[in-house]
Amino acid sequence: MKTIIALSYIFCLVLGQDFPGNDNSTATLCLGHHAVPNGTLVKTITNDQIEVTNATELVQSSSTGKICNNPHRILDGINCTLIDALLGDPHCDGFQNETWDLFVERSKAFSNCYPYDVPDYASLRSLVASSGTLEFINEGFTWTGVTQNGGSNACKRGPDSGFFSRLNWLYKSGSAYPVLNVTMPNNDNFDKLYIWGVHHPSTDQEQTNLYVQASGRVTVSTKRSQQTIIPNIGSRPWVRGLSSRISIYWTIVKPGDILVINSNGNLIAPRGYFKMRTGKSSIMRSDAPIGTCISECITPNGSIPNDKPFQNVNKITYGACPKYVKQNTLKLATGMRNVPEKQTRGIFGAIAGFIENGWEGMIDGWYGFRHQNSEGTGQAADLKSTQAAIDQINGKLNRVIEKTNEKFHQIEKEFSEVEGRIQDLEKYVEDTKIDLWSYNAELLVALENQHTIDLTDSEMNKLFEKTRRQLRENAEDMGNGCFKIYHKCDNACIGSIRNGTYDHDVYRDEALNNRFQIKGVELKSGYKDWILWISFAISCFLLCVVLLGFIMWACQKGNIRCNICI
């Protein structure tokens, strides 16, 4: 009896198992999408980690290690700072009248002339850097009653004592230093930058030896501004054998304005003016070497590609650069949701569609068909739905780059010690800006990823619905992304379904007839469950009957004795 029940159970399972293609009068057609063994995790709005078939890194995290000299004109400061080149330090004479897009200052740069300070150093440096030129025009200033072209052993030009080439050190002539009053109009149509200075002697004796008066004064004026400087006499730390100093100042004279210089001593006079230009030139501190290459974006670490929308190499940039963010990585989904293919599909090797898993090895497209029929099995891509998805995804990266790439430079921020509060505020604003951009970048990528996954899922569903509408009652949805076709469907028939030329009316009668025949003997999963339960109950009942009969027989034969104690 048990043998009969077991065989009945196996027979039922066999009848309940679908054999795609095992009947010449039916076929199975499955729809699926591309999958890879190991996908890439991306972030979406609804999921922190979702696996996709392909993704593109959006954050540039490394530089080339060198500053490219094309397309930007790079001027290497070598041993000179921009201000030393501006003043005309003897070892910076090679920079006279130079131009640049980006002036690169090196950490090894040094001054090699009379010790000086610039009270508004950062502003002057930024002003000259943005002008992009050291073009200098000499002017005929008349300094009557004084000696010109003073020099110092601390500023040698060759073997001789020298001075800054763009400045004129004036001191007494004989025993007199008259009051100087010189004017210079700007009759041109551009701004002129005048550099001048005030000498601070280390002792009163040095003051009178050079300028006669015990205390000098320098006043420089235009129609828009006036600066009056009184020298501060006193000893300072020794630099290149000197304890005196020069303070450097600057004045911009606009077209139609006039420069007025008045002094009774201590004047370091201008020799002319620098021609100011408007532009987007800049300056950057960097020790990266300058190489022969092409790059639109430059950082102190070196040039970086700008084919990504974000970078975390350096906050300081020049050129058309990716936006700086805090994240080390942001991945943009450029493929669909990845569901790796199951390697085994049961004892009969049935195929399955997109609802269960993806398909690996699809090289001709993202979406496609697999079939089993009387001629065997096959697979083909659906190029139309694949192209529809690709067309919408292809432009995503370019659109993100267009939204984020900066077409201007982010300059270094410098403040003097007395501007500490301003510097703190600026740093807070800059950090807040970076935080906001980092958040916006993550949100933007998550939104784009969500859209990509929804889009690719939608294309799969569109293809499935298109196939369902073609087959109509000639096939049954198996619930796993496959259709069981109730008529003979050879490879030509399968091809007509794929390309949209399938005529369901041609196969309607055959499909209807086969459906009724198959349904008459096909056991649904619900009936199989009932058979399993009934078989189990009968088996248990028979086992109990056999066991009880054995016990009764053994008792009668005396092989088993039962004692009941109270």
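Glycine residues also receive a Cβ, built from the backbone N, Cα and C atoms like all the rest.
The signal peptide annotation in Swiss-Prot covers 1-16, and the record cites sequence analysis as its basis. Taken from Swiss-Prot, the feature topological domain 'Extracellular' covers 17-530, and the record attributes it to sequence analysis. Sequence annotations record features per position, and here Swiss-Prot assigns N-linked glycosylation site to ASN24, ASN38, ASN54, ASN79, ASN97, ASN181, ASN301, ASN499 based on sequence analysis. Residues or ranges marked as disulfide bond by Swiss-Prot on the basis of sequence analysis: CYS68-CYS293, CYS80-CYS92, CYS113-CYS155, CYS297-CYS321, CYS489-CYS493. Marked as transmembrane segment by Swiss-Prot: 531-551. If you look up Swiss-Prot, you'll see 552-566 marked as topological domain 'Cytoplasmic', on the strength of sequence analysis. If you look up Swiss-Prot, you'll see CYS555, CYS562, CYS565 marked as S-palmitoyl cysteine.
Structure coloured by features recorded in Swiss-Prot.
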| residue | record | DSSP class |
| --- | --- | --- |
| ASN38 | N-linked glycosylation site | coil |
| ASN54 | N-linked glycosylation site | coil |
| CYS68 | disulfide bond | strand |
| ASN97 | N-linked glycosylation site | coil |
| CYS113 | disulfide bond | coil |
| CYS293 | disulfide bond | strand |
| ASN301 | N-linked glycosylation site | coil |
| CYS489 | disulfide bond | coil |
| ASN499 | N-linked glycosylation site | helix |
Measuring Cα to Cα, how many Å separate ASN38 (N-linked glycosylation site) from ASN54 (N-linked glycosylation site)?
10
Cβ neighbour count (within 10 Å, all chains shown) around CYS297 (disulfide bond):
24
On a C-alpha basis, identify the one among ASN181, CYS293, CYS297, ASN301, CYS555 that is nearest to ASN24 (N-linked glycosylation site); the candidates are the recorded positions.
CYS555
For CYS68, CYS92, CYS155, CYS489, CYS555, listed as recorded positions, tell me which one has the smallest number of other Cβ atoms within 10 Å.
CYS555
Just give me the nearest neighbour of ASN54 (N-linked glycosylation site) among the disulfide-bonded residues CYS113, CYS293, CYS493, Cα to Cα.
CYS293
Restricting to the same chain and to sequence separations of six or more, state which residues have a Cβ under 8 Å from that of CYS113 (disulfide bond).
ASP84, LEU87, ASP89, PRO90, SER152, ALA154, CYS155, GLY162, PHE163, PHE164
Return the average pLDDT for the topological domain 'Cytoplasmic' (552-566) as a whole number.
65
Just how many other Cβ atoms lie inside 10 Å of the Cβ on CYS80 (disulfide bond)?
23
DSSP three-state assignment for CYS155 (disulfide bond):
strand
Can you check which residue among the glycosylation sites ASN38, ASN54, ASN79, ASN97, ASN181 has the largest number of Cβ atoms within 10 Å of its own?
ASN54
Distance from CYS68 (disulfide bond) back to CYS493 (disulfide bond), taken between C-alpha atoms, in Å:
61
What is the nearest of the recorded positions ASN79, CYS80, ASN301, CYS555 to ASN499 (N-linked glycosylation site), using the Cα of each?
ASN301
Rank the glycosylation sites ASN24, ASN301, ASN499 by the number of other Cβ atoms within 10 Å of each Cβ and report the first-ranked residue.
ASN301
Which of these disulfide-bonded residues has the least crowded Cβ, counting other Cβ atoms within 10 Å: CYS293, CYS321, CYS493?
CYS293
